[in-house]
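Q: The following feature annotations were taken from TrEMBL:
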DOMAIN    B:14-152  domain 'Lactate/malate dehydrogenase N-terminal'
BINDING   B:GLY19, B:LEU20, B:GLY21, B:HIS22, B:VAL23, B:GLY24, B:ASP44, B:ASN105, B:VAL128, B:THR129, B:ASN130  NAD(+) binding site
DOMAIN    B:155-318  domain 'Lactate/malate dehydrogenase C-terminal'
ACT_SITE  B:HIS185  active site, proton acceptor
Amino acid sequence: MLNFRHNLIKLIPKLLKAVIAQTAPVHSALSTCYSTSLKYSFSISNTLQKVQNPNCSKYGITPAHRIHQSQLRGACSLVNSGKPLREKLMHDFELPSPLSGGKVTIVGLGHVGMACAISILSQNIASELVLVDRNPDKLRGETLDLQHGLAFVRNAQVYGDTQYSATAGSKLCIVTAGVPQGPGDSRTSLAPKNLEIFKEIIPRLVKYSPETILLIVTNPVDTLAYAAWKLSGFPANRVIGSGTNLDSSRFRFLLSQRLKVVPSICHGWIIGEHGDSSIPIWSDASLAGVRLRDVDSRVGTKKDVENWSQLHQEVVGSAQEIIKLKGYTSWGIGLSVAALTRAILENSQSSYAVSTLVQGIHDISEDVFLSVPCILGDTGVSRIILQTLNSAELADLHNCAKSLYEIQKSLHF
Amino acid sequence: MHDFELPSPLSGGKVTIVGLGHVGMACAISILSQNIASELVLVDRNPDKLRGETLDLQHGLAFVRNAQVYGDTQYSATAGSKLCIVTAGVPQGPGDSRTSLAPKNLEIFKEIIPRLVKYSPETILLIVTNPVDTLAYAAWKLSGFPANRVIGSGTNLDSSRFRFLLSQRLKVVPSICHGWIIGEHGDSSIPIWSDASLAGVRLRDVDSRVGTKKDVENWSQLHQEVVGSAQEIIKLKGYTSWGIGLSVAALTRAILENSQSSYAVSTLVQGIHDISEDVFLSVPCILGDTGVSRIILQTLNSAELADLHNCAKSLYEIQKSLHF
């Protein structure tokens, strides 16, 4: 009897190792006993006895003299029914790769960031969505709220972290963090403060995803896209500002309302600064391929009796109007960013007006970021489309580049 | 352009959303971005909020499949809606029970429901405002509709929360985790552990203790987390929105596309599982263009049946105390 107990006690550490390796929940019950001092061995054997296994002897333990090293594996089956349910349900093969190509990070969970998140999630664009914010309560609350809807969309992993390590391997990083426009604020006035915030964010994103594409949304977007380019050291194709993609969609919506058709058959680019000095290219505006100016050459000019130019003024004033009415803008920019995200992740090579490095384009000499029609895909901006601009449009574009350059010069990168 | 036959006003794809708080707008963006409705009408009492939210959605229309989006404070704009989603009402604050909101929200419903019915007499009503089971019953009474056309969003969200929590523990995706939560959308919801499964494999076939008192892994905790979810999120971010928005969008799609797929929604359960009271509570239903076309009769054990009957009784007590 003494021999049996002595052998049993010697066996306990080996059994425990095997048990702990296989059964995590049982492990927590036994871990306090792992030091295997004599006084604990009795409680271990008690615990092991409680484990039910119809294949074992009455006390749940095979007597020591019948156990050999080679039988330790069999001895582990003693605690088979203590295996977690998960292990009884599934046998693991090759676990999912961490570099899926469909991972998107969103930094900043304000109204804009969350609108981007819900638009991306509900349209099944990303296979992995990582949310990053400084505020841990907001982060956890928003993450949970999105996760609770996952059963209704195609499978995606959604998780949140205050630490940037969680963003590693992102195909695309969307930056919305920063001080938002309040009623009456110009976007430009936000530049110095948001630049300081970017100095914290951009290097961390780059550190964990050195091959990522940066999509900048924070305003003033053109200046901050330039800042992100400088701070990241990335080639310019991998740094994009959401730019006038939204202005153009607002323009197409307003066209559609006046023409009483749907927006998808109305076309027109707004380029330049995402803001007061954006430029509508009326020469290209069309309905189902029919140029408005082929039908009436006065459209968008000073001679225009129907005052189509007013549509552009409404676009410029849109954000402030919505901010006055509901406090902030969210859904429009969210859907805009989701469309850009899809183009990049799906390598669709479709065209969008986004903010890119335009030095050398249309004879612009300054190194600034502003919006022109670009082709987007898995390398970010793969091509810039060279529109045929008339002299007035070119002049506006050059003025826009100059004023953006002035703003940049005043900032400390 | 030369005009031919202009679009018909009765498109079959028109959805109205009443109430543009966080829940209503989450429903709107989920429906719009998933191209579920061809026409989306927003109704709210606050004209500024209405106009701001409508504009903001409209500015994104170039990025989704064509839909008309417009807003109005007047219910005439809702005419011909296939589905009317009601989210208007006083929301839960931290610490508020859903039930405490019943009297106030009933009064609000007395303004809303008759107007929706007037302009869309054939519509389906999808009630989201809490307490959803009581207010779905109220909407049924106030509308005079047959019960198949009045639905509460019910435990559709609880079930998706449950499936998400299962997926986290099992380290798989939610879509292969299945489990119904039925009964009240609230503290007395009932998890049907006997049906919970992973890719068709019943958890209880693998370990019969799952969800019982003998459960060493304490799977029952998942249900407690579901019950406490809303309050947890409200404490962290002030309100819930995305989960319920995606839940409602899924129900909307099932109805508009006549998909005849199954969801746990709040419906009239008098006569189901021997329930005698005329109450609304959630059971698995088949949804399509007539609303609830069938109720699925689960095999419930005696404990689950007892819980369901208690749930029906307590909902009946709440109803009796209200003035319809």
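Any Cβ shown, glycine's included, is placed from N, Cα and C.
These numbers come from a predicted model, not from an experiment.
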Q: Provide, as an integer number of angstrom, the distance between the C-alpha atoms of B:GLY21 (NAD(+) binding site) and the residue listed as 'active site, proton acceptor'.
A: 20
Q: What is the separation, in Å, between the Cα atoms of B:VAL23 (NAD(+) binding site) and the residue listed as 'active site, proton acceptor'?
A: 16
Q: I want to verify one value. Collapsing DSSP to three states, which class is B:ASN130 (NAD(+) binding site)?
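A: For B:ASN130 (NAD(+) binding site) - judged by DSSP and reduced to three states - the answer is coil.
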Q: Round to the nearest Å and give the CA-to-CA distance linking B:HIS185 (active site, proton acceptor) with B:ASN130 (NAD(+) binding site).
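A: Per the Cα atoms, B:HIS185 (active site, proton acceptor) and B:ASN130 (NAD(+) binding site) stand 9 Å apart.
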Q: Taking the residues B:GLY19, B:LEU20, B:GLY21, B:HIS22, B:VAL23, B:GLY24, B:ASP44, B:ASN105, B:VAL128, B:THR129, B:ASN130, which the record names as binding NAD(+), find the longest CA to CA distance and state it in Å to the nearest whole number.
A: 17
Q: Under 8 Å Cβ-Cβ from B:ASN130 (NAD(+) binding site), six or more apart in the same chain: what's there?
A: B:GLY89, B:PRO91, B:GLN92, B:ARG98, B:LEU101, B:ASN105, B:HIS185, B:GLY186
Q: In sequence order, which residues at least six apart in the same chain have a CB under 8 Å from the CB of B:VAL128 (NAD(+) binding site)?
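A: Expected: B:VAL23, B:CYS27, B:ILE85, B:VAL86, B:THR87, B:GLY152, B:SER153, B:ILE244, B:VAL248.
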Q: When neighbour density is defined as the number of other C-beta atoms within 10 angstroms of a residue's C-beta, which of the binding-site residues B:GLY19, B:GLY21 has the lowest density?
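A: Counting other Cβ atoms within 10 Å of each of the binding-site residues B:GLY19, B:GLY21 gives the minimum at B:GLY21.
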Q: If you average pLDDT over the domain 'Lactate/malate dehydrogenase C-terminal' (B:155-318), what do you get?
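A: Its mean pLDDT is 96.
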Q: With helix taken as DSSP H, G or I, strand as E or B and everything else coil, how many residues of the domain 'Lactate/malate dehydrogenase N-terminal' (B:14-152) land in each class?
A: 67 helix, 26 strand, 46 coil
Q: Per 10 Å Cβ neighbour count, which of the recorded positions B:ASP44, B:HIS185 ranks highest?
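A: Of the recorded positions B:ASP44, B:HIS185, the most buried by Cβ count within 10 Å is B:HIS185.
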